[in-house]
Every structure is written in C-alpha cells, then in structure tokens.
Amino acid sequence: MKVIQASDYQEMSQKAAKYVIKNVRRQPDIILGLATGSTPKGLYKQLIADHSQNGTTYEHVSSINLDEYIGLPAHDPNSYHSFMDEQLFQHINIQPHNRHLPNGETDRIEQECMHYEALIDAKGIDLQILGIGENGHIGFNEPGTSFASQTHVTTLSESTRQANARFFDSIHSVPKQAITMGIASIMKSRKILLLASGPKKANAIRRLLDGDIKESFPASILNHHPHVILLADNEALSAAIGKEDNDD
Ligand SMILES: N[C@@H]1[C@@H](O)[C@H](O)[C@@H](COP(=O)(O)O)O[C@@H]1O
C-alpha cells in the first residue's frame, strides 16, 4: 500500500482530485467506483470546479456506487442516490444511464444484489474511491463480514448508525439495513484510492497500517490488494506515524 500524507482535509481533497482527473483524462471511458459519506465531498467539489474551469469531460465515464440504504426512496434527501446527485452528478456531464447505484427500494432484494454484482463484473471498476468507517468498515461491510462476500444485504452496526445519524433527524430515522458491494466485489477493482481525514479515523488507520489482516477489521484486506493508495491527512495518520509502508 502506498501512503500519501496530506496536511489537512483540503490538501487531501486536492490531491485526490488531481489523481482522479489524471485517470479520467488518460481513460475517457473509465469506470469509477464512487463512495458517499463526508470524506469524499471535498474531492467531488474539486472535480466539479475542474470540470467547469478546465473542461474535464465525464461524457463517457461510468460510475458504480458502493452502497445504498434499504427502505429510503431514491428521492429521499438522505438516500445515497440524492447524495450523489447533489454532491457530484448534477454538476458534471456524466450521463444518467452511466450512473449506477444499488436499488434499495426493491422488494426483490436478492435479485438486485445478483444484478449489481453482475454489473460490477461486466464493467470492471478501474478506480474505486473508498472511505473508511471508524470500526474499519468499507462500503457497508461491517466487522465480521466475510472477505469472500459479494454484493449483499447488511445490517448496520449500532456504531455505524450512530456515526451516520448526523445526516438524519435522529438515530431512529437511520435505516437499519443497506445493500452494499461485498469485500470481494471491492477487491476486484483495478485500483483503489482510500481517503481518510480527521482524528476520528486515526485509530482505524493505525489498525489498517498494522497490516494484521482479519475479518473483524474489514479494511485490513486492502493490504492484499496490489494497487491501493491511502491518501490521508495528518490527523488521520497521527496514531500510525512510523508504521507506514511506502513500498507501492
Ligand atoms: N457507507 C459509508 C461508507 O462508504 C463511508 O466510508 C463511511 C465513512 O463516512 P465518513 O466519510 O462520513 O466518515 O460512512 C458510510 O458508512
């Protein structure tokens, strides 16, 4: 894993955008794996600014998102469909038919999981953007999820619901389940850019860089992936100083 240090959230977002833009320009029909949460918001803001100022085009780009809550309509302000529309899609020229998120509203949820995994296999994610939960979750793969998991329905841990409650009226409104790419689905990506910012992520980043690979800490599997960049700010790296492995 290659570790890139940024001084703060702003610099992390700028460096992430530079890397994504470089990949989009090099491969105009790139398949991007996209993430939600607070962490990639600054990256998306930078992509939007670059799109309007420098004209980087997303006309032939496709996106596949990691996850979606079950039970929230796509138009709900807290759905990940709405998040992506607001934070990125409506501000760049990515075509609606090229944007993919799991359908958390269907009552044929098992078919939806299979369909989504087939989509990932058919398209192949070139560059996956990831955040990390404080408990080491990636996507919505909570601790204990099998490393062999494909797209599936997951029950959110209490701590994940608490962490995401800030986006909702109260913890009671946070859905209890989600549909998420599995860990094996994420690991199929050709390249992964993992972003982490702030002191709340310091412990997770220290555990990630410890290199101990176990299902009780889902992100640890990334140590097995041949092309992961961890781009983290000083606060997120604060507990791991001296543990980085810069072998690329
Ligand atoms: N499903 C998302 C994850 O994809 C994200 O990485 C995590 C961290 O969120 P944040 O970036 O807000 O800390 O939150 C949610 O659980």
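Cβ from N, Cα, C; glycine included.
The feature active site, proton acceptor is assigned by TrEMBL to ASP67 (among others). Other Cβ atoms within 10 Å of the Cβ of ASP67 (active site, proton acceptor) number 23 in total over all chains. Under the DSSP three-state reduction, ASP67 (active site, proton acceptor) is assigned to strand.
Residues or ranges marked as active site, for ring-opening step in TrEMBL: ASN135 (among others). Counting Cβ atoms from all protein chains shown, ASN135 (active site, for ring-opening step) has 18 others lying within 10 Å of its own Cβ. When secondary structure is read from DSSP and collapsed to three states, ASN135 (active site, for ring-opening step) falls in the coil class.
For HIS137 (active site, proton acceptor), the same-chain residues that are 6 or more apart in sequence and have a Cβ closer than 8 Å to its Cβ are PRO143, SER157, THR160, PRO218, ALA219. Per TrEMBL, active site, proton acceptor is recorded for HIS137 (among others).
Cβ neighbour count for GLU142 (active site, for ring-opening step): 21 (other Cβ atoms within 10 Å of its Cβ, all protein chains included). Marked as active site, for ring-opening step by TrEMBL: GLU142 (among others).
According to TrEMBL, the domain 'Glucosamine/galactosamine-6-phosphate isomerase' annotation covers 10-224.
Looking at GLU142 (active site, for ring-opening step) and ASP67 (active site, proton acceptor), their Cα atoms lie 12 Å from each other. Note on the domain 'Glucosamine/galactosamine-6-phosphate isomerase' (10-224): mean pLDDT across this stretch is 97.
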